[in-house]
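J.: What Swiss-Prot lists as transmembrane segment is 10-30, 46-66, 71-91, 100-120, 135-155, and the listing cites sequence analysis. The feature active site is assigned by Swiss-Prot to Asp126, Asp144, with sequence analysis given as support.
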Amino acid sequence: MAKTLSKSSGGALAPWLGISLIVILFDQLTKIAVLKTFAYGAMHQLTPFFNLTLIYNRGAAFGFLATAGGWQRWAFTALGIGATLVICYLLKRHGHQRLFSLSLALILGGALGNVIDRLIYGHVIDFLDFHVGAWHWPAFNLADSAITVGAVLLIYDELRRVRGAR
């Protein structure tokens, strides 16, 4: 049986929104620090496989649709806002499901962190650059990391739930 935060059919929304707010805060603070420290495209090697850099992503994950002409800014902003509404609804209904709600809170914080970038700058600020030799993974940020961790936890929670139903 799932651990609960409350006895009601739903759960408290505030703790999950608090987690999302923490994600947004750390995401935005790191982006501001990078913007104040680095010139566009500049790279600072921290380890043989990790750099800090400043990249503008006008598209979505991995630069998808980055050169589409500008409409994608508003499409991805609308998608992020739509995801926010759906996630808030799910958190309100299922807030007592801790792992499910944690995963959604991380995804929500990450999505809103990138929506804020699109609204303020017209693009997303990416700065984490992992590489092996000359091969570089696409640069990303803390919001992207929160979305990824949230998605992995969401899959894990669903697999655990399905396995428990057998």
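First residue shown is number 1, and so on along the chain.
From the backbone N, Cα and C atoms, a Cβ is placed for every residue, glycine too.
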J.: Restricting to the same chain and to residues at least six past its boundaries, which positions have a Cβ under 8 Å from a Cβ of the transmembrane segment (71-91)?
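T.: 11, 13, 16-17, 58-60, 65, 101, 104-105, 107-108, 111-112, 114-115, 118-119, 122-123.
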J.: Between the Cα atoms of Asp144 (active site) and Asp126 (active site), find the distance and write it as a whole number of Å.
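T.: Between the alpha carbons of Asp144 (active site) and Asp126 (active site) there are 9 Å.
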J.: Go through the chain and flag residues at least 6 beyond the ends of the transmembrane segment (100-120) whose CB is under 8 A from any CB in it; none is fine as an answer.
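T.: Contacts of the transmembrane segment (100-120) (Cβ under 8 Å, skipping residues fewer than 6 from its ends): 5, 11, 16-17, 19-24, 27-28, 31, 73, 76-77, 80-81, 83-84, 87-88, 90-91, 94, 141-154, 157.
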J.: What same-chain residues lie close to the transmembrane segment (135-155): Cβ under 8 Å, and 6 or more beyond its ends?
T.: 23-24, 26-27, 30-31, 53, 55, 57, 61-63, 99-100, 102-114, 117, 124-129
J.: Please report the number of other Cβ atoms within 10 Å of the Cβ of Asp144 (active site).
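T.: Taking every protein chain into account, the count is 21.
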